[in-house]
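Asks: Following this message is one structure expressed as structure tokens.
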Amino acid sequence: MRSPRTRGRPGRPLSLLLALLCALRAKVCGASGQFELEILSMQNVNGELQNGNCCGGVRNPGDRKCTRDECDTYFKVCLKEYQSRVTAGGPCSFGSGSTPVIGGNTFNLKASRGNDRNRIVLPFSFAWPRSYTLLVEAWDSSNDTIQPDSIIEKASHSGMINPSRQWQTLKQNTGIAHFEYQIRVTCDDHYYGFGCNKFCRPRDDFFGHYACDQNGNKTCMEGWMGPDCNKAICRQGCSPKHGSCKLPGDCRCQYGWQGLYCDKCIPHPGCVHGTCNEPWQCLCETNWGGQLCDKDLNYCGTHQPCLNRGTCSNTGPDKYQCSCPEGYSGPNCEIAEHACLSDPCHNRGSCKETSSGFECECSPGWTGPTCSTNIDDCSPNNCSHGGTCQDLVNGFKCVCPPQWTGKTCQLDANECEAKPCVNARSCKNLIASYYCDCLPGWMGQNCDININDCLGQCQNDASCRDLVNGYRCICPPGYAGDHCERDIDECASNPCLNGGHCQNEINRFQCLCPTGFSGNLCQLDIDYCEPNPCQNGAQCYNRASDYFCKCPEDYEGKNCSHLKDHCRTTTCEVIDSCTVAMASNDTPEGVRYISSNVCGPHGKCKSQSGGKFTCDCNKGFTGTYCHENINDCESNPCKNGGTCIDGVNSYKCICSDGWEGAHCENNINDCSQNPCHYGGTCRDLVNDFYCDCKNGWKGKTCHSRDSQCDEATCNNGGTCYDEVDTFKCMCPGGWEGTTCNIARNSSCLPNPCHNGGTCVVNGDSFTCVCKEGWEGPICTQNTNDCSPHPCYNSGTCVDGDNWYRCECAPGFAGPDCRININECQSSPCAFGATCVDEINGYQCICPPGHSGAKCHEVSGRSCITMGRVILDGAKWDDDCNTCQCLNGRVACSKVWCGPRPCRLHKSHNECPSGQSCIPVLDDQCFVRPCTGVGECRSSSLQPVKTKCTSDSYYQDNCANITFTFNKEMMSPGLTTEHICSELRNLNILKNVSAEYSIYIACEPSLSANNEIHVAISAEDIRDDGNPVKEITDKIIDLVSKRDGNSSLIAAVAEVRVQRRPLKNRTDFLVPLLSSVLTVAWVCCLVTAFYWCVRKRRKPSSHTHSAPEDNTTNNVREQLNQIKNPIEKHGANTVPIKDYENKNSKMSKIRTHNSEVEEDDMDKHQQKVRFAKQPVYTLVDREEKAPSGTPTKHPNWTNKQDNRDLESAQSLNRMEYIV
């Protein structure tokens, strides 16, 4: 075998470098992909050329076989546009190439796939057309400059192939030699699609914010939209006409507009009570006038200036007159006689009557209209060094940071006491800090951070490995040196061709090509505009290293392939579903009307009534949105197994092997190359030929004297049989034909292409031609028609088959959700209210006197109190009372709040005007000590005393309650008045009707130091209510449930509501006996008198015992509301309802009067105790009956609770005990 020649294509390392550089500079070099061919095997048994000669030039005279030398085989490739009738001439428009000498007569390179010597790579910088014609020639190298090379065999193949990483295997089985090869088309990095012309490189900068999916579609990052994802998605509802944004979620208003959505115009400066439809207008609201809408035409209704039930009359713009009721005067009826009588000034403030009512001069430490606001002693902050000030009563407290201490955080704290230093020699205290003297190798304030020796050592993004007292730099590719400081020069080998200048870069190089050359090594001389990559009539301009398409006005993109959405960059106004108006300087009106693109690139929109539309489709398209390409292959125009490829209003036939022509109607003449030797006659077959040999020659091409069969006679594993005058091939399964060259089962059966895709056979593989709207190797991936974001205002895009539909967010409509629905169109606001349209809603601006969402509600007058305007129906607290505005009238509950607690020896007076802080009496101190505690008293005002007495009860509008407290749960310094004040401030009293006046007074118990007697009384009671009983029941319920956040309630041990003692029903006997004695004295009948006296005393003793039973019955009436949870009725138990007595009187007072104590023997007791859970238990107990034996009523006794009963003295009284 001759030594291989030095010709051939560059080695594999250089080709990889070329591919890398093209990928990095795809925009510059213009290459979008490459066609690859790899030789797998060669069979040339006799070592012959196509013309029948031997590669070595000498043939054995006996058997006519070539004996001297084998062929030096190499291959040439020519790639051109698809030809239905293949011609050997013409340029290789898609590229050409060759291999070096890779073998002899017969060789097999399948085991060494990936070897660079048997591969040919043809880069292309145009949109890959998928259909192609390939010419492959096997040549014999002569290895000298005189003798030309000779062709061994050539093959041609026309077909279709999609870009893929998978190889397709093709075979040449006719002629002198047989060879097998594989092909594929791959796209360069960042290029996608069937044509490798969809460019997508992820980026996140000014020019775009997107990633790329597997099909090369730009997937916008969240918040971005547009073809290049460089248009920010504004805040939902942002006016497309008056707002814009540069960042997602923003909404920047144009000049003259404002609001969250830039949909509210800015009124004229100084416009007070006016609105606008366009900027700088001032359209007055109802009852307002003037140029700036500052003249009130209904001053009375707007301001309600007349106080104290004065009548207001409008007399002109901003003018009114008040008619005051008796006892009031002034322009607004604000002057009241004797305004200070109600003592309105709190905290020892002094009241002075003025022409407008009164003014309060507050004592030190208090401020406000009524001196009710405590002055903040922490303003300004008295705490130094960042201390937090806590306001106290007439003082403050500083919470200091850890570095400071002292009353005002003025002293430096010694931080070294906490031993913060970890790996240090010593700790030194500093002002507001400390210093640690670290040991070698440690750093940080606490010497707890190990020093990183790698810090700042390695350069050029090298990684550093920290060592013990050292480091080591691991350099990235392209750098060297101890610190990776030296850039490796990739230009040292001068890789650039044709005068290109090499520019060294990091781990790579770049060739700057002269004019007319391009490619990664300046090896290509290509006109980038041939063929024209620009679409839609755009003109192509060739540049030194790229091309430029000048797009028509309505198209954009690198190749002018995308419809331009003018409204993404320019403010548009929606006219209807088909048309939007955009600003333009090219028309006299300054407006240009453009399509909304709802019908896509293949149709024109026609507007219909009711906001609907229809699409008028271009030729070759149909469907609602003109998204379906009409199938021109439906009539099966391709013959003889040809595959029809549908185009736009056209089709193309891809012929099977052996056929050619526009409709594959012509059988290819396989005898055109005269394959039969030594006078043999060639007969053409389908994709094959047959030689009728003469003069004793045999074989496929009449080239043998010995046998009709050789290794290349039968293809695809067929077995050849010599039948003397001819040969016969026995084909394996799946193959047929004279030489087993026709596939019986096509790789397209069954059709592997989905969704209407067309399958094209390519050797032992197939290629799917997908319908528009589908992608992928077998057409299973639906093209994302929703990218990038065609729907406005947060509309949801529904992706279809080559179409999309926008499902609009609430409040928007239109094919792309650009139309904001006007909810005010139905006039939802009542009584002349102004309707303001909003996103998916509206707002009604009500005229005076109306309120509600639609202004249907008629509102009352507002109230003016303490200089504040209170809306009708509003509630607020005033000391211990609750007030409410009711149609201009202030209604407050009438609970007497009592004297206010205060602190003695304060620098400022805490009491209201006219009062002073007086020390509490010793017997009023409930939880000792009460040092410094006082009460606000006035010498002119006498303390309010309740009208309740020891025998008062509900029918007297009174109640007497005794509270027993657990003092261990109470804070020192509490007085009786403190406890009483907290009772008056309970929420249950704030809901009492304003028609009643409630008084609560408290006194300490004389017999027990943990008890307080509370008297509740009411005045102005109508016949239809009993507030005292209601308040008493609520207090008992509050205590029993431990409800509320009051510490007072938590400390209550028990509550006793006392009854009035029953009067002895024998009191009427005294006058009766006197009358009898008088009659006896007059009649002088001593015997009769003695008999009569004895007679009357006997019934008296019976009458004396009767009240006990009645008294027992009287208990039940008071307990109708309280159910005994542990009560059980035995067989001998009398039902409780039998003890009811409607005439019984109820008394709830506990007293220590000696006369009452003597009558306690006639009283019964009801008692409820707290065990683990609150329960009510009624106990009825007497010490002794007249007979001398103790009695217990079975209905009111429970053994489980008797263990907790009070002493005999306590049980002689009848009470509620909680």
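Cβ coordinates are placed from backbone N, Cα and C, and glycine is handled just like the others.
Below are the features I grabbed from Swiss-Prot:
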COMPBIAS  1188-1199  compositional bias 'Polar residues'
DISULFID  Cys200-Cys212  disulfide bond
DISULFID  Cys306-Cys322  disulfide bond
DISULFID  Cys362-Cys371  disulfide bond
DISULFID  Cys378-Cys389  disulfide bond
DISULFID  Cys383-Cys398  disulfide bond
DISULFID  Cys491-Cys502  disulfide bond
DISULFID  Cys496-Cys511  disulfide bond
DISULFID  Cys633-Cys644  disulfide bond
DISULFID  Cys638-Cys653  disulfide bond
DISULFID  Cys709-Cys720  disulfide bond
DISULFID  Cys731-Cys740  disulfide bond
DISULFID  Cys791-Cys806  disulfide bond
DOMAIN    374-410  domain 'EGF-like 5'
DOMAIN    450-485  domain 'EGF-like 7'
DOMAIN    667-703  domain 'EGF-like 12'
DOMAIN    744-780  domain 'EGF-like 14'
TOPO_DOM  34-1067  topological domain 'Extracellular'
TOPO_DOM  1094-1218  topological domain 'Cytoplasmic'
TRANSMEM  1068-1093  transmembrane segment
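Could you tell me the structural context for the features on the list?
Replies: DSSP assigns Cys212 (disulfide bond) to a strand segment in the three-state reduction.
Counted within 10 Å of its Cβ, the other Cβ atoms near Cys322 (disulfide bond) come to 20, all protein chains included.
Long-range Cβ proximity for Cys362 (disulfide bond), meaning a same-chain Cβ under 8 A and a gap of 6 or more residues, is found for Cys345, Asn347, Gly349, Gly368, Cys371, Ser913.
DSSP gives Cys378 (disulfide bond) a coil state; it is part of no helix or strand.
Taking the Cβ of Cys398 (disulfide bond) as centre and 10 Å as the limit, one finds 21 other Cβ atoms among all the protein chains shown.
Cβ-based neighbour count (10 Å, all protein chains) for Cys502 (disulfide bond) stands at 19.
Around Cys496 (disulfide bond), the C-beta neighbours below 8 angstroms that are at least 6 residues distant in the chain are Cys502, Cys511, Leu512, Cys513, Leu521, Cys522.
The Cβ of Cys644 (disulfide bond) has Asp632, Cys633, Asn636, Pro637, Cys638, Tyr651, Lys652, Cys653, Ile654, Thr758 as same-chain neighbours under 8 Å, each 6 or more residues away in sequence. DSSP assigns Cys644 (disulfide bond) to a strand in the three-state reduction.
For Cys653 (disulfide bond), the number of other Cβ atoms no farther than 10 Å from its own Cβ, over all displayed protein chains, is 22.
DSSP assigns Cys720 (disulfide bond) to a strand. Its Cβ placed at the centre, Cys720 (disulfide bond) has 21 other Cβ atoms within 10 Å.
A simple way to gauge crowding: the CB of Cys740 (disulfide bond) has 24 other CB atoms within 10 angstroms, across all the protein chains here. Cys740 (disulfide bond) carries neither a helix nor a strand DSSP state and counts as coil.
Taking all protein chains in view, 23 other C-beta atoms sit within 10 angstroms of the C-beta of Cys791 (disulfide bond).
This prediction places the mean pLDDT of the domain 'EGF-like 5' (374-410) at 82.
Across the domain 'EGF-like 7' (450-485), DSSP assigns 0 helix, 13 strand, 23 coil.
Across the range of the domain 'EGF-like 12' (667-703), the DSSP-based residue counts are 0 helix, 12 strand, 25 coil.
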Asks: Which residues in the same chain, at least 6 apart in sequence, have a Cβ under 8 Å from the Cβ of Cys383 (disulfide bond)?
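Replies: In sequence order, the residues whose Cβ lies under 8 Å from that of Cys383 (disulfide bond) (at least 6 apart) are Cys389, Phe396, Cys398, Val399, Cys400, Thr408, Cys409.
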Asks: Using a 10 Å cut-off on Cβ-Cβ distances across all protein chains shown, tell me which of the disulfide-bonded residues (Cys371, Cys491, Cys709, Cys806) has the largest neighbour count.
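Replies: Compared across Cys371, Cys491, Cys709, Cys806, the most Cβ atoms within 10 Å surround Cys371.
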Asks: Check the DSSP secondary structure of Cys322 (disulfide bond), expressed as helix, strand or coil.
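Replies: It is in a strand.
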Asks: What's the CA to CA span in angstrom from Cys200 (disulfide bond) over to Cys720 (disulfide bond)?
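Replies: Between the Cα atoms of Cys200 (disulfide bond) and Cys720 (disulfide bond), the distance comes to 54 Å.
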Asks: Hey, which of the disulfide-bonded residues Cys200, Cys306, Cys511 is the loneliest by Cβ count within 10 Å?
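Replies: Fewest other Cβ atoms within 10 Å, among the disulfide-bonded residues Cys200, Cys306, Cys511, is found for Cys200.
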Asks: For Cys511 (disulfide bond), which DSSP three-state class applies?
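Replies: Note: Cys511 (disulfide bond) is in a strand by DSSP.
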Asks: Where does Cys491 (disulfide bond) sit by DSSP, helix, strand or coil?
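Replies: SS state of Cys491 (disulfide bond) = helix.
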Asks: Counting every protein chain present, what is the number of Cβ atoms, excluding its own, within 10 Å of the Cβ of Cys212 (disulfide bond)?
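Replies: By my count, 17.
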Asks: Using Cβ-Cβ distances, find the residues under 8 Å from Cys378 (disulfide bond) that belong to the same chain and are at least 6 apart in sequence, listing them in sequence order.
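Replies: In sequence order, Cys389, Gln390, Asp391, Phe396 meet the Cβ cut-off.
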Asks: For the C-alpha pair, I'd like the distance in angstrom between Cys740 (disulfide bond) and Cys306 (disulfide bond), rounded off.
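Replies: Given the Cα positions, Cys740 (disulfide bond) is 114 Å from Cys306 (disulfide bond).
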